[in-house]
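Novice: Just dropping this structure here.
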């Protein structure tokens, strides 16, 4: 795999899209840099009485369109470059689906598997104490991400509320919370559900009837599992392959996503699932399928393997699974890509719905959430697809044009840039 600096990749994608826009050089230079970067030391007492200091980040890329929004990642290999890149991509993600937000992202360099639950709670609360003055319902709204979850969001929300002495709508400071403290119905499946809506619309654009067509899903975490499950249940597709970090499985007659999940929980991996053939993650990407959904990690489709991709639609459920060089190859092959910050925007869209519900103190049914998400994702897909057709440019570039144009307009209307 080619090692590419994540933030350099984000800037490269922006520069590429700028070729198709009438955007001033000063605005472009501004958009290449986050507006705020916070690095903090997060000391906590460990269960054995010792004190350990962790490094944390919070990056706010651009708030021209509203408060910044983005998850908090706990990962042993977390880097500032990754957090900056993800905050930048969040700006485009919230803009492409027309949410009144900017992009943010947070992270802590930690292996949470090495912490007890009590240590995790201390870390969550200590992080909020370190960054509370730069977050808030009207400023920057975190959410769960890699190795963080609703329970951790609950602790963080409670710590923020304690510090602020319960002034204002504290529930709205963080999304992805447990239902009992302001969480939203539909949040758990939101990323995958949004991706399914875009896959459905992409098939319409290509004139493909998805019923009985084949899909392969790389990655079997929350997003990967629900993408497979909903593709089967809502679109009538045949799930022929799935994988996790240890490898994948293939059955041309179809897999039952629920049974595979049960197997993974019992055995730690999808590998060796009865009735399926073990395959590598690399082999999964190159299968003869109609839809390929990379839902795991960054940079899995590169210039080295892009020419071997056989899917008609590549739905980027993960962040950054296709490199810029591979983008060109896939387009030359006539493959329709649903770019990551459009395809996986369902999660942040339902996070926005959660925030709206928190601010108003009124909660929607799961069906209402799904209907509102469908409208948002469908509208966003066709805005991007029509831009792609009108300008004869790549779908990712089209998504950037739609998103960056909205941010650029907000910057001009605020008087930040004159042209």
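These residue numbers are counts, starting from 1, taken along the chain as shown.
Quick reminder: no glycine exception, Cβ is built from N, Cα and C everywhere.
According to Swiss-Prot, the record shows the following:
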type	residues	note
ACT_SITE	105	active site
BINDING	219, 220, 221, 222, 223, 224, 225	NAD(+) binding site
Novice: Residue 220 (NAD(+) binding site) to the residue listed as 'active site': how many Å between their Cα atoms?
Specialist: 23
Novice: Can you check what DSSP calls residue 221 (NAD(+) binding site), collapsed to helix, strand or coil?
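Specialist: It is coil.
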Novice: How far is it from residue 219 (NAD(+) binding site) to residue 105 (active site), counting Cα to Cα, in Å?
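Specialist: About 22 Å separates the two Cα atoms.
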Novice: Measure from the CA atom of the residue listed as 'active site' to the CA atom of residue 225 (NAD(+) binding site) and give the result in Å, rounded to a whole number.
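Specialist: Checking the Cα atoms of residue 225 (NAD(+) binding site) and the residue listed as 'active site' gives a distance of 24 Å.
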Novice: Let me know the most crowded of the recorded positions, choosing from 105, 219, 220, 223 and counting other Cβ atoms within 10 Å.
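Specialist: Within the set of recorded positions, the most crowded position is 105.
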Novice: If I take the alpha carbons of residue 223 (NAD(+) binding site) and residue 105 (active site), what is the distance between them in whole Å?
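Specialist: Per the Cα atoms, residue 223 (NAD(+) binding site) and residue 105 (active site) stand 19 Å apart.
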Novice: Which one of these binding-site residues, 221, 224, has the sparsest Cβ neighbourhood, judged by other Cβ atoms within 10 angstroms?
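Specialist: Each of the binding-site residues 221, 224 was scored; lowest Cβ tally within 10 Å is 221.
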Novice: In sequence order, what residues of the same chain, 6+ apart, have a Cβ less than 8 Å from the Cβ of residue 222 (NAD(+) binding site)?
Specialist: 188, 191, 192
Novice: Using all protein chains in view, find how many other C-beta atoms are within 10 Å of the C-beta of residue 225 (NAD(+) binding site).
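Specialist: Its Cβ has 23 other Cβ atoms within 10 Å.
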Novice: Centre the Cβ atoms of 219, 220, 221, 222, 223, 224, 225, go out 8 Å, and tell me which other residues of that chain have a Cβ in range of the NAD(+) site.
Specialist: 192, 217, 226, 227, 244, 295, 296
Novice: Roughly how many Å separate the Cα of residue 105 (active site) from that of residue 221 (NAD(+) binding site), to the nearest whole number?
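Specialist: Each residue's Cα considered, residue 105 (active site) and residue 221 (NAD(+) binding site) end up 20 Å apart.
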